[in-house]
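> I am attaching a structure below and will ask some questions about it afterwards.
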Amino acid sequence: MRRDKHLRLLVTYIIFLLAANSFSSLLGEAASEKNTKKGGDQNGDQNVAAVPPAQASKLRYNHYRTTRCSKVESVVTTEVTKRSKRDPTLIAALLRLFFHDCFANKQCDASLLIKKMPKNEKTELHSGSNVGIKGLAFMDYLKTKVVESCNGSNIVSCADILALAARDAYVLASKRPAYPVLLGRLDGMVSLVKDADSLPGARTPINTIVSVFKDAGFTTEEAVILSGAHTIGEAKCKFFNDRLHNFLNTKKPDRTMDPALVEQLKKICPNMTANLESPAFLDQGTRRVFDKSYFVQVTRQRGVLQSDQNLFANAATKQFVTGLASGTEENFLSKFEKAMAKLGNLGATTNYKGNIRRVCSVLN
Ligand code: HEM
């Protein structure tokens, strides 16, 4: 009898513990949702299927499936496809935007899109690496289209929209099936120029580039693979004109650039002071197609940026360039997709303070 009583007490105690635990986690979720609402304007619509409280640490496929925004992926795909037909430069712009956003503070939080901070602090957009970066207005437009398609609910973060738009840009240029994108990111509430200053530039030494990637959790091979994004898009003369006219103050071209390419590019960038903003294709092989041609060009000394060509001058990176150039398209593209997915997960475990911005370029 006594033993039975003890057993009953024990079972009651365990049930009590379990109940208390789930109650406190319910409370936690409610608080988290409240915080999101406070900062992020989730519309307060009681009829909307419950949005799982967005948490930077819990990205999921189909994050919006049970919400009013269940069609977000197709909306983004439609809009990116439509606009890029009118303006093919959008594809490269979206890929670069995504990389610069994710790398700046190692968080894919759309902080790059913020134009102004409350105390006028300089934002990521003020960084030299981001001067003239394209695609900002399109992101604001895309956000309005997404909200419209969600019957006015502001549920999808700009960070998620950017991750989807970059994926779609890649799919359009590579003609590959869409790779799945984890969703549920929050939009960052801070954008500071210092966070973007670590972004690599055209004249950043190769060792520094490798270590910047390493700091963000990427291997040397992944750094090379992601650089393959330069298979599309353009660079302005100011980023490579020294290689044509006055490399390392020698008043001569860079000897690691194919002389035929030097002559070709001189037509766009005739000297060190003219046409500084004129663009040249980064991949002089297949210009608007997402393929391994960039690596083939680099092995032929036809990389446009010094940072591109340096990938072939450094023993650690050269082996990967050679492998990607001689491998199949499938080899490069499948590796690129994996690296892009990894890029999109930056910040996923940091639980940064975030919300859902109403306008991507403006803090709520
Ligand atoms: C490895 C270090 C990298 C360096 C040093 C670098 C540097 C640059 C520079 C200087 C430009 C030309 C910008 C201009 O003329 O305004 C550029 C363009 C571009 N970058 Fe990178 N980049 C790097 C990695 C990446 C990565 C990892 C991606 C994407 C995953 C990327 C995507 C692009 C694209 C698509 C363009 C063309 C943009 C356009 O045409 O609008 N870059 N990059």
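Cβ atoms are placed via backbone N, Cα and C, with glycine included.
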> If I go by TrEMBL, which of Glu79, Glu124 binds Ca(2+) 1 at the same site as Asp101, Asp109, Ser111?
Glu124
> Of the residues Thr231, Thr250, Thr322, Thr328, only one is listed by TrEMBL in the Ca(2+) 2 site with Asp283, Thr286, Asp291. Which is it?
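Of Thr231, Thr250, Thr322, Thr328, Thr231 joins Asp283, Thr286, Asp291 in the Ca(2+) 2 site that TrEMBL records.
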> Of Cys150, Cys158, Cys237, which cysteine does TrEMBL list as the disulfide partner of Cys69?
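Answer per the record: Cys150.
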> Any idea what the Cα distance is from Glu124 (Ca(2+) 1 binding site) over to Cys237 (disulfide bond), rounded to a whole Å?
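Just about 23 Å between their Cα atoms.
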> How many Å separate the Cα atoms of Thr286 (Ca(2+) 2 binding site) and Cys102 (disulfide bond)?
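Thr286 (Ca(2+) 2 binding site) and Cys102 (disulfide bond) have their Cα atoms 27 Å apart.
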> Long-range same-chain neighbours of Pro200 (substrate binding site), Cβ under 8 Å, sequence gap at least 6?
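Correct list: Ser129, Thr208, Ile209, Val212, Ser307.
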> So, in DSSP terms, is Cys150 (disulfide bond) helix, strand, or coil?
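It is coil.
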> Once the chains shown are all counted, how many other Cβ atoms turn up within 10 Å of the Cβ of Cys237 (disulfide bond)?
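Total other Cβ atoms inside 10 Å, all chains included: 23.
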> Determine the binding-site residues, out of Asp101, Asp109, Glu124, Pro200, Thr231, Asp291, lying near ligand 1 in the sense that the CB is under 6 Å from one of its atoms, and give them in sequence order.
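If the test is a Cβ under 6 Å from any atom of ligand 1, the answer is Pro200.
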> Whose Cβ lies within 8 Å of the mean position of the Cβ atoms of Asp101, Asp109, Ser111, Glu124, the Ca(2+) 1 site, other than those residues?
His100, Cys102, Ala104, Asn105, Gln107, Cys108, Ala110, Leu112, Leu113, Ile114, Ala159, Gly188, Ser191, Asp195
